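Notes to accompany the following structure.
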Amino acid sequence: MEPHFFFTVLWMLLMGTSSTYAQEIFGYCRTPDENSGTCINLRECGYLFELLQSEEVTEQDRRFLQASQCGYRNGQVLEKHFCFTNVQICCANSRMRNQQPQWGNHPQPTQTTKPTKRSGTKLLPMAPNCGENFGDRVVGGNETTKREFPWMALIEYTKPGNVKGHHCGGSLINHRYVLTAAHCVSAIPSDWELTGVRLGEWDASTNPDCTVGKNGRRDCNEPYVDYPVEERIPHPQYPGNSRDQLNDIALLRLRDEVQYSDFILPVCLPTLASQHNNIFLGRKVVVAGWGRTETNFTSNIKLKAELDTVPTSECNQRYATQRRTVTTKQMCAGGVEGVDSCRGDSGGPLLLEDYSNGNSNYYIAGVVSYGPTPCGLKGWPGVYTRVEAYLNWIENNVRA
C-alpha cells in the first residue's frame with residue numbers, strides 16, 4: 001500500500017467519530033461486537049492493522065475501526081490532532097491470544113501446584129516487619145519522596161523487536177513475590193512477554209535517583225534492581241472476558257530472592273482482625289504509582305493521592321450504568337475530579353496506614369482493577385480488588 005493512501009485511510013477512520021464505543025478502563029475495553037479486549041496501540045493489534053493496510057477497506061470495515069478506537073492519551077481524545085503512533089484501538093483478546101499465550105521460543109512460566117492449605121502463612125511478613133515508610137509526610141503533595149512506599153514495583157514487558165516497557169505496577173509482599181492484577185498477566189497481547197519486575201525505582205528517567213537537600217548536599221538512593229519473573233500466577237477464576245473483572249488478582253514469583261534495603265521493602269497484607277470484611281469507610285486510603293497502564297503513563301516520578309473509600313452500594317449504582325456489578329470482593333475509592341487513580345498504576349496498590357501494638361505500618365487494602373476513562377472523573381470512583389478477601393488464596397500459592 002502506498003504510504004499516502006495508508007494515512008489518508010487512517011485519517012478518514014479517525015475523523016468519523018467524536019465519541020468511541022470502545023471505552024478504555026485501565027486497558028480493559030469492549031469491542032463494537034461486544035467482545036472483551038485490550039486498548040493497545042494500533043500497530044500492535046495485528047488483525048486490525050492488517051485490515052487498515054488492505055486496499056479494499058469497506059464502509060463496514062471503516063465503521064468498525066472507528067468504533068474500535070479507545071484513544072485517550074493523557075486525557076485527550078485522539079481526533080483531529082493525532083500522532084499515528086498514539087492511535088489506540090480496542091483489540092479483541094480472542095483475536096490476540098489463545099487461552100494460554102504463546103511466547104514463541106521463550107520458556108513459559110508455569111502454574112503453581114496448589115500447596116498445602118495456608119502453607120505460605122509463615123513466609124509472609126507481619127508488622128512491624130513490613131509496611132515501613134521512610135518518606136517525609138507531605139500532606140497534599142502529588143509527588144512522593146525518594147523513599148516513600150519502598151514496596152512499589154514496575155512490571156516489565158518485552159514486545160516485538162525486543163522493545164521493553166513498564167505497563168503495570170505491583171507490590172512486593174515478601175522476598176520472592178509481587179502482588180498485582182490478573183489483567184496485567186492474562187489480558188495482554190499475545191506477542192508481549194511479561195519478563196521482569198523493577199524494584200527500588202522513584203524517578204524512571206534517572207538511575208540512581210538523587211535530590212539536593214536544603215543544605216546543598218546531594219542525596220541518592222541505591223540504583224534500582226530488575227528481577228526476572230520465574231512464575232506468573234493469575235487467580236484461576238479470573239474471567240478475562242467479563243465486564244466485572246472479578247478475581248482480578250495475581251502473584252508473580254521472582255527468580256531470585258529480593259534483598260531488602262531502605263529502598264526495597266515489603267508491604268503488609270491486611271491480616272489484622274479489624275481489617276476483616278472492612279472497606280474502611282471514613283478512613284483515608286492512598287493510591288500511589290507512576291500512572292502506568294497497558295496503554296499510557298502519566299509521570300516519570302512516583303506519585304500519590306489520598307482518597308476516600310466509597311460504599312459498595314453507591315459504587316454499584318454508578319457502574320450499573322455500564323452494566324457492571326461491584327461485589328463484596330471488590331472495593332471502591334476516589335471519584336474526586338482530577339485525582340483518583342490517575343496517580344496509580346494498573347495492578348498497583350491501594351494503601352491503608354493502620355496501627356497495631358503501637359506500630360504504624362502500611363497495608364495493601366486493594367489492587368487497582370479498573371475505573372473511568374479519562375481517569376479522575378467526578379463521581380466515578382476507581383474499583384479495586386479487595387486483598388483481604390484473597391488472603392487464603394495468597395497464602396496457599398506462595399512457597400519458599
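Quick reminder: no glycine exception, Cβ is built from N, Cα and C everywhere.
Some features that Swiss-Prot has for this protein:
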SIGNAL    1-22  signal peptide
DOMAIN    28-91  domain 'Clip'
DISULFID  Cys29-Cys90  disulfide bond
DISULFID  Cys39-Cys70  disulfide bond
DISULFID  Cys45-Cys91  disulfide bond
REGION    98-120  region 'Disordered'
DISULFID  Cys130-Cys268  disulfide bond
DOMAIN    138-399  domain 'Peptidase S1'
CARBOHYD  Asn142  N-linked glycosylation site
DISULFID  Cys168-Cys184  disulfide bond
ACT_SITE  His183  active site, charge relay system
DISULFID  Cys210-Cys220  disulfide bond
ACT_SITE  Asp248  active site, charge relay system
CARBOHYD  Asn296  N-linked glycosylation site
DISULFID  Cys315-Cys332  disulfide bond
DISULFID  Cys342-Cys375  disulfide bond
ACT_SITE  Ser346  active site, charge relay system
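Checking each of the recorded positions (Asn142, Cys168, Cys184, Cys210, Ser346) against Cys29 (disulfide bond), the C-alpha distance stays within 10 Å for none of them. Neighbours of Cys375 (disulfide bond), defined as other CB atoms within 10 A of its CB across all chains, total 25. Each of the disulfide-bonded residues Cys90, Cys130, Cys315 was assessed for Cβ neighbours inside 10 Å, and the highest tally belongs to Cys90.
Between the CA atoms of Cys130 (disulfide bond) and Ser346 (active site, charge relay system) there is a gap of 22 Å. The 10 Å shell around the Cβ of Cys39 (disulfide bond) contains 27 further Cβ atoms across the protein chains shown. The most crowded of the recorded positions listed here (Asn142, Ser346) is Ser346, judged by how many other CB atoms sit within 10 Å of its own CB. Cβ environment of Cys220 (disulfide bond): Pro208, Asp209, Cys210, Thr211 lie under 8 Å away, each six or more residues apart in the same chain. Note: the CA-CA distance between Cys70 (disulfide bond) and Ser346 (active site, charge relay system) rounds to 17 Å. Here nothing among the active-site residues His183, Asp248, Ser346 falls inside 10 Å of the CA of Cys91 (disulfide bond). Spatially, by CA atoms, the recorded positions His183, Asp248, Cys315, Cys332, Ser346 include one closest to Cys168 (disulfide bond), and that is Ser346. Confidence across the domain 'Clip' (28-91), taken as the mean pLDDT and rounded to a whole number, stands at 64. Rounded to the nearest whole angstrom, the C-alpha distance between Cys90 (disulfide bond) and Cys39 (disulfide bond) is 4.
In this structure, the C-alpha atom of Cys39 (disulfide bond) lies 13 angstrom from that of Ser346 (active site, charge relay system).
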